[in-house]
Amino acid sequence: VRSSVQCCIKHRLEKYCSKPHDKTYCFKYASFQATSRLLVNYAEPYRSQILDYLFKPNFGASLQILKVEIGGDAQTTDGTEPSHMHYENDENYFRGYEWWLMREAKKRNPNITLIGLPWAFPGWIGRGKNWPYDYPDITASYVVSWIIGAKQYHNLEIDYVGIWNERSFNSKYIKLLRYTLDKNGLERVKIIASDNLWEPITLFVLQDRELSEAVDVLGAHYPGTTTVPEALKTGKQLWSSEDYSTFNDDVGGGCWARILNQNYVNGQMTATISWNLVASYYQDLPFGRDGLMTAQEPWSGNYVVESPIWITAHTTQFTQPGWKYLQTVGHLAHGGSYVALTNQRGNLTIVIETMTHDHSVCIRPPLLPYTVTAQRATFCLKGSFASISELQVWHSKFDFKVKKPVYFQKLSPVKVSNGSFTLDLDVDEVYTVTTITTGLKGNYPEPPPSSPFPKIYKDDFKVQHPDFSEAPDFADQTGVFEYFINETDPGPHVYTLRQVVTQRPITWVADADQTISVIGDYKWQNVTVSCDLYMEEENGGGVFVAARVDKGGGSVRSARGIFFWVFADGTYKVTSDLSGQSVLAEGQSGTRANIWNTLTLSVKGDNAFGELNGHVLWKNAVGLVPKNGWAAIGTSSFQLAQFDNFAVQAE
């Protein structure tokens, strides 16, 4: 039995958006990334296919905003991203993969909006303190230099910039950032604040006219589809500037469907930004597969177009930035919600979702109980919409019973009779009803099958003109490891990988005191890891190779495994932790700085041994260590060191 409801969609100018007097509200759908480390390593055509599913208009998700991290050399959830200024006298606008990603997005959609946001800052910004606001002019100049570099070196126009992801804001700094942008001819770049909670930023904006003039958008993270009265009083655009962060199975798709609609219906937020763009990082790092799609196997070429891609398309393929929400939107009588948008030139798009509670739970915040039942909904079109005679229909059905879902399927058009049409809505469905006729479910041939990381892997880092600053498949968890040309080396180590961060950054989480980059298959147990290492620090220099590393991301500080260290003072040690406190073996090695050494670590079952330059240095039982984990390289502190001829062999 289907209950009946009626919803009227009116088209009168005063019905646009949430406030009759505010005509600046516009719809934008967005997604951002800080987790695309493995994406760049995909071979063609698979890499371009993944990018098409994300950014190509009228093909897949058709994303309208790309929000990227302004790298700060520090851990920001699943790895570190390099800064364009490791040191105060250093500028390089080709590090990392964000520049490439923005260029690829713009190539597919020239109208895509670009946003930059710092999570962390290089240590020199804080002058020895873990704080970016003591010298706000330095911080503002640093951020603005990134925006200028985007245009100068990549022809990328940054549209918005944030303050400090999910950390304290500073009113003086925000004002100074606005001044610095304007002074550099960047008046068009808008400021989002504060990428945290609605409060206290809304109260500060209401009480400080100069701050209010500096801030263009109020952005909250994981708002649970609601806002606060003070935010509405500001009259500013409200965005959910980070949301979703949910495992991308069908419940994750349901979460995404619900919040895309209800962020506006409940909270009048006109943009919803997904963390993250694509799950392209090792799945056993924190928040594995919390992306709109999955691309975590560049070695196989396998990727998966998950349900959130098609849920996104229900909105993005039939609206554009600049479209206006109508006020006549809301909740359906028997559960679910609908929104309606127009381009003010006769086009209309209505998006309907009927996601049940248990099939749309997001990772945060908690979702209060509610019920949804099947219903018949009649939509009446009034005003200039009354002349519409036919609407295109696109449909998705989550099927949690027999596991045969249908995503983004084009149905027969619905006839509009006497200004109204009726749909029979079941639970866990998404409908788009629209005048737009250009929708398309793009597709490519099936990618190669999934396969684990290769058991035999080598990298000699001999890349004369690398496309990216980072070596394939290495995932830096503290510090930054970059390709390096050792022009003064007359021997075999001209092309190396170098750890380059020499000062602890202004961190976002509790980075380790050591630097570390992980690689491989988290399931590896019995493995041999070998690497040539070169310490550049005579006082305090130390480097390691490791196996069975069990943690990364924000937990990297407590990572355990088997770590084989050598030091510039002529000693070695073996520890079961990255912090170097749980010592399994130690002794003399004869190692010193500015000399290449080869370390080999072999682990099998509860036993391990280490070789230095081909000679066994130690043997030991290692029973109280993780049974599996990644391979890794790193340094004993933030120091310069080089790595070459990395090799791993797993059983």
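Glycine residues also receive a Cβ, built from the backbone N, Cα and C atoms like all the rest.
According to TrEMBL, the feature active site, proton donor/acceptor maps to GLU166. Listed in sequence order, ASP195, ASN196, HIS221, GLU242, TRP508 are the same-chain residues six or more apart from GLU166 (active site, proton donor/acceptor) with CB atoms under 8 A from its CB.
Within 10 Å of the C-beta atom of GLU242 (active site, nucleophile) sit 25 other C-beta atoms, taking all shown protein chains into account. Residues annotated as active site, nucleophile in TrEMBL: GLU242.
In the predicted model, residues of the domain 'Glycosyl hydrolase family 59 catalytic' (33-317) average a pLDDT of 97. If you look up TrEMBL, you'll see 33-317 marked as domain 'Glycosyl hydrolase family 59 catalytic'.
If you look up TrEMBL, you'll see 325-439 marked as domain 'Glycosyl hydrolase family 59 central'.
The annotation domain 'Glycosyl hydrolase family 59 C-terminal lectin' is assigned in TrEMBL to 476-650.
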